[in-house]
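Chemist: What follows is a structure written as structure tokens; I'll ask about it next.
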Ligand SMILES: Nc1ccn([C@@H]2O[C@H](COP(=O)(O)OP(=O)(O)OP(=O)(O)O)[C@@H](O)[C@H]2O)c(=O)n1
Ligand SMILES: C[C@](O)(CO)[C@H](O)COP(=O)(O)O
């Protein structure tokens, strides 16, 4: 895109690293496991640090991980765009909410899983172009498998048309005011079950969300075999 022709909006990345990685099952939380000699979290922070679209980074971590993150990641690697390290909450949406509370300048906000190390500048740029038009957009890729709706007895109930199915990734990018409004409503609810930020905008505001092309390599490190796949991507 020709950024000289128009003024770029302020962009904040909220990088989530406050999860406990139950499915990974390691004592060290998965976002701090070493991969290619660096913590998993290092990779996405480096991409945001070097991105020409990102002005500021808010890092959300567990309470006991803040000092480690400050000294061993932010200072050690010189991630000068990290303006705040805030404490996360019990669930992912609580961590997003805590990050949203310290946004300094409105504009656009990129929510990204610190457990997704393979975000790249192309994804960040596609997100920017998409959010400027839609106010709400998410990275995704068409699914490669056949997906079935399966009941509690493990019987197939139906087979959705694969052409309509996308596996959703992060970043999920929004006009900051829109996301704050959606999350503000969510936090007043008693029953909350959301697994991504787009769901909050869909459910709370009935706002349309646009999907842009992510990258198949943009995996979330979730279970042990993901680390093997990630090492292979690093060695490419
Ligand atoms: N309370 C939480 C839960 C998750 N996350 C972050 O959100 C992303 C979502 O990935 P996920 O695989 O769900 O992480 P965990 O919750 O750590 O994993 P699990 O569900 O296996 O415990 C991760 O970067 C994780 O650190 C967070 O900041 N705060
Ligand atoms: C936001 C997300 O990464 C999109 O795929 C995902 O939904 C996070 O879900 P999880 O249950 O926290 O793994």
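The backbone N, Cα and C atoms fix where each Cβ goes, and this holds for glycine too.
The site 'Transition state stabilizer' annotation in TrEMBL covers 23, 30. Residues annotated as site 'Positions MEP for the nucleophilic attack' in TrEMBL: 162, 220.
Quick one: where do these features end up spatially?
Modeler: Counting every protein chain shown, the number of other Cβ atoms lying within 10 Å of the Cβ of residue 23 (site 'Transition state stabilizer') is 12.
Packing around residue 30 (site 'Transition state stabilizer') is summarised by its Cβ count: 27 other Cβ atoms lie within 10 angstroms of its Cβ, all protein chains included.
In the three-state DSSP scheme, residue 162 (site 'Positions MEP for the nucleophilic attack') is classed as helix. Around the Cβ of residue 162 (site 'Positions MEP for the nucleophilic attack'), a 10 Å sphere holds 12 further Cβ atoms from the protein chains shown.
In the three-state DSSP scheme, residue 220 (site 'Positions MEP for the nucleophilic attack') falls into the coil class.
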Chemist: Taking only the recorded sites 23, 30, 220, which one has a CA atom nearest to the CA atom of residue 162 (site 'Positions MEP for the nucleophilic attack')?
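Modeler: Smallest Cα separation from residue 162 (site 'Positions MEP for the nucleophilic attack') among 23, 30, 220: 220.
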Chemist: Any of the recorded sites 23, 30, 162, 220 with a C-beta atom under 6 A from ligand 2? Give them in order, or none.
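Modeler: Once distances to ligand 2 are taken from each Cβ, 220 fall under 6 Å.
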Chemist: May I ask for the distance between residue 220 (site 'Positions MEP for the nucleophilic attack') and residue 30 (site 'Transition state stabilizer'), taken between their Cα atoms and rounded to an integer number of Å?
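Modeler: Cα of residue 220 (site 'Positions MEP for the nucleophilic attack') to Cα of residue 30 (site 'Transition state stabilizer') measures 10 Å after rounding.
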